[in-house]
Each structure stands twice: as structure tokens, then as C-alpha cells.
Amino acid sequence: MNRNLVFFLLGRVALLNGLMLVIPLICAYIWQEAGGLLYFGPAIAATVGIGAVLSWLGRNHKRQLGVAEGAWYMACIWLLLGGIGMIPYILSGTLGGLDAFFESIAAWTTTGISCFAADHSTVPQSLLLWHSMMEWLGGLTFIVLLIAVIPQVNGRFGLTLTVRRNVSFSPLVSRMEQTARRIGIIYTGITFFSAALYWLAGLSLPQALIQALRTVSTSGGNSFFSFMAYNNPALELAGAVTMLLASGNFLLYWKGVTYQSIRNLFQDQEMRAFLALTGAAGLIVSVHLWYQGLYSLADSLRFGFFQVISFISTSGLVSAAFPLWPEFDQFILFILAFVGGCIGSLTGGIRIMRLIILLKMAVHEMRRILHPHMVVSLKLNGIPVEMKVISQVLSYFFLFMMVFFISMIILSLAGITPLQSMGLAIGCLSSVGATASLFGVTDFLSLPAWMKVYCSFLMILGRLEIFSFLIVVQMGLQSLHRQW
């Protein structure tokens, strides 16, 4: 493995984040926060210093990213970002070491859980801005890794089934940087579009921009912004539109911008399935809420569809007191958190395309039982699905479920109920922290230290798509075996 390339890429990320830290520092000065320089100044110096050292160590790097380098880069980048993000929290005295790391990882992985209390009056505004920036930058980091790096590590895991041959996945660093820039432009464009929607819905321009950062990244949560406090259908519509956009395949957006056409977006089988599932689940939840007499028909449709979109997009935004909803509706939301959005989106979860492939495999196996000599080709968007992709989907589904059940057992050691351990496990693994509050876990600051460490591991594992972590573990075991 070429460590120089890993050092170089990590150094670039650190330098970029050092530059980003200047923004909350300037805002702290404008807002006349006395301690802004004390906790952002050293953070900038440390981050830039780390970036410079890593860039120097990787100065003689090769130009092509291999499987080993990609896996190590993906594993290290979240730890590096977690370390960078926690510095202002510690220096400001807002959070202790482990709590600050947990808060930082939750923000970078866009999980939407927080150690901060509901009342943020004692937290400097510049730190809240930095938290929102981490969420947005974490979403950008994930989508770039998803499209530029993960295909080199895990295979293309179905991306080519949506874009055919119009997008190439190259291991060359220069080509990956070009891909990252294009995806970054689309991501930024959606952010400004979301900010405009929030502004038109009644938020001030700074509030609209900050809320757009949280919504586009699918970080959400109820810790820093509550739709319930505003009770504004226009705001909820702006949030729902943004969450739907964040749940779509960014490669299809790229293709649509390139060819100046959105026709292919709605011809995509995965996108149609995602919209159909969202519509069906929203209708079922809304009708049941109305049937139970919780809301009027209009409010049932309003709250039901918003929360369905919130959970399937793994955003976790809150517009209603869903922990008080009937168990039927709660479990639908819980299942949607498993599913997630499209394969090239910002969402967590298993993803729609993998579920389509699993469903088609089950149907084909039933046909083979009835007709043993029948030759069946599994196709998606008219493209035959390779056995390698099918094998990866099966493996990923098994590993995802195995990690979920093991995590349930481990988290239950803290004395929480089985439902709470389920909600917290899938919340961290699918980056939708609202599933924890769905079953009553709301105070993360009081969690045992070992539980915060394990939840941080789960949040990173979910963003690594599991396979990358296993590659790193395998390489580590092989290295130990050679030494012995």
C-alpha cells in the first residue's frame, strides 16, 4: 500500500477544514463573542499544521488510488475530521473530551444527535454555526467519497446501473478531483436553492442559510431547529422538497445538468420506486393518523408526509410529536430509516436499489423453483445486473443486518429497553438519530462513556459502507500475521 497518497489526501482535507474554520472565527468577531479567538484560533493553527505535515509526508505520492489506499483513506478521514471538529468544543469549555468527539462525529456523519441541551442560550453562536458547517461539510465529504472513492474500494455497487456509460469511475486522482468538483457544485447549488425556499417561507436570510446547511446534508434532528416551534406549513414544504432532493441520485443530477434534461431522472427505476414508496408510506401514515383522530385530515397529510420523507431521507427533521403517535406509525417510520434513499444520495440505510435487486432475486428464485430449466436475467433500467453486483448486495445486506442485531445486544447492556437499543442502533448505523428519540432516547450527554465510543464507531461504520472497514481490518490482520 502507498501510504504517501493517503497522507496527501488527508492533508488536503485538513487544509480545507482549516480554511473553513476561519468563517466561524470571523462571525465570532462580528457577533462580539469574547472567546472566539481563544477556541477557533488554536483550532485553525492545529488543523493547518496537521494538514501541512500530512501533505509533506505525502509529497511523493502516486497518481492512482488502489483498493488499499481507498479503504484506509475512508477509515482515517472520519477520525481526522472528528478530531478537528472537537477542538473548538474543548477549548471553549462547552463539552469535555469524549463528549466533544461524540458531538463532532455525529455532526460530520450527519447523524443528527447531539449532547447539547435543548436550550442553547449558553452555547456561543459561533459554535452552533461551526456545528452546522460540520454537518454540511460532512454531507459533502460523504457524497464525494460515495461517488469518487467507494467505487474503487467496493466496486461500483450498482452506480453504473443508473448512469449507464455516461459517467466513468476512474482511480486517477486528477479524475477523482474533477468528479469531486462537479458533485460539489451540484451540492452547493441545491443548498442555495434550499436556502431560497426557507427564506421565501419566512426565515431570515442567515437562518435560512444555516437551516439549508442542515437539511441538504440530511443531518436534521430536533436539537438546533424545531419546525414545531414555527408551525408553518410553508417551512415544512421547503424542508420536504430539500430532503427529497438530497435523497436522489447525485449522478443522475450530474447527468441531467450535463445534458440539460431531467427526463432521465424520472425514467430511472430506482427513483420511481423511491417516490412510489414515499408516497405510499406517507398516505398510509396520514390516513391512520386521521383514522385515530389525532389530527384533522389536512394536518394528518401534512405531518404524515413530512415525517415519512424525514425518515426515508434519514434526515430526522421533526414537525410533530411522533413519539406520541400510535405504534403502527412509529414502526413504519422505523422501517423507512432502514431503507434510506437512492444509491448515489446523501442518505444512509440500505438504499432503494439494493432492495429492488433483493426483491427481484426473490421473484426469480421462485420462478426457478417452478421452472428449473428457465434462464432468467436480472435487469435494472434495462441493464443486466452482473453476478458480482448481486453478490455485493447480498453480502452488504447480511453484514448490515448482522451489525444491527449485534449492536442491539451491545447497547442493551446500558440498561435501556430493547426498543430503545433498536432505535439507537439503526439511528447511528443509518445516520438518522431521530429513531433514538422515536423510542425515548433523548439525553445523549448522560450516556455511559463506553456507549458514546461504540455509537461513534457505529456512525463511522455506517458512512464507511461496512466493506471499507472490513478491508482495513483484513489488512491489519494480514500485517500481524506476517510479523508473527
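Each residue, glycine too, has its Cβ placed from N, Cα and C.
Look at TrEMBL and you will find 7-31 (among others) tagged as transmembrane segment.
Sequence annotations record features per position, and here TrEMBL assigns transmembrane segment to 37-58 (among others).
For 70-91 (among others), the entry in TrEMBL reads transmembrane segment.
Residues or ranges marked as transmembrane segment by TrEMBL: 136-159 (among others).
The transmembrane segment annotation in TrEMBL covers 180-200 (among others).
Under the heading transmembrane segment, TrEMBL lists 237-254 (among others).
Residues annotated as transmembrane segment in TrEMBL: 274-291 (among others). For the transmembrane segment (274-291), the list of distant contacts is 244, 247-248, 297, 300-301, 303-305, 307-309, 312, 325-326, 328-329, 332-333, 336, 339, 341-342, 352: same-chain residues at least six beyond its ends, Cβ to Cβ under 8 Å.
Taken from TrEMBL, the feature transmembrane segment covers 331-359 (among others). Here the transmembrane segment (331-359) has Cβ contacts under 8 Å with residues 110, 139, 142-143, 146-147, 157-159, 161-162, 216-218, 246-252, 269-271, 273-274, 277, 281, 284-285, 307-308, 311-314, 322, 378, 380, 385, 389-390, 393-394, 396-397, 400, 422-423, 426-427, 429-432, 434-435, 438, 462-463 of the same chain, all six or more residues outside its ends.
The transmembrane segment annotation in TrEMBL covers 393-416 (among others). With a cut-off of 8 Å between Cβ atoms, the residues of this chain six or more beyond the transmembrane segment (393-416) that come close are 157-158, 350, 354, 357-358, 361, 422, 424-426, 428-429, 441, 447-448, 451, 454-455, 458, 461, 465-467, 470.
The transmembrane segment annotation in TrEMBL covers 422-441 (among others).
What TrEMBL records for 453-477 (among others) is transmembrane segment. If you look at the transmembrane segment (453-477), the same-chain residues 6 or more away from its ends with a CB under 8 A from one of its CBs are 1, 67-68, 70-72, 74-75, 78-79, 82, 98, 101-102, 105-106, 109, 111, 142, 145-146, 150, 153-154, 157, 348, 392, 395-396, 399-400, 403, 407, 410-411, 424-425, 428-431, 447.
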Original post:
Relative to the transmembrane segment (37-58), which of 7-31, 70-91, 237-254, 422-441 accounts for the most Cβ pairs at distances under 8 Å?
Top reply: 7-31
**OP:** Mind checking which residues of the chain, 6+ beyond the ends of the transmembrane segment (237-254), have their Cβ under 8 Å from one of its Cβ atoms?
**Re:** 139, 143, 147, 159, 162-163, 167, 182-183, 186-187, 190, 193-194, 197-198, 200-201, 211-212, 215-218, 220, 227, 264-265, 268, 270-271, 274, 278, 305-306, 309-310, 312-313, 315, 317, 319, 340-347
Original post:
What else in the chain is close to the transmembrane segment (70-91), if you only count residues 6 or more beyond its ends and a Cβ gap under 8 Å?
Top reply: 1, 3, 5-6, 9-10, 13-14, 17, 21, 24, 38-40, 42-43, 46-47, 50, 97, 99-101, 103-105, 107-109, 127, 130, 134, 138, 141, 145, 149-150, 152-153, 456, 460, 463-464, 468-469, 471-472, 475
Original post:
Which bits of the chain, at least 6 residues beyond where the transmembrane segment (180-200) starts or stops, bring a Cβ under 8 A of a Cβ in it?
Top reply: 136, 139-140, 143-144, 147-148, 207-209, 211-213, 215-216, 234-235, 237-239, 241-242, 245-246, 250, 253-254, 257
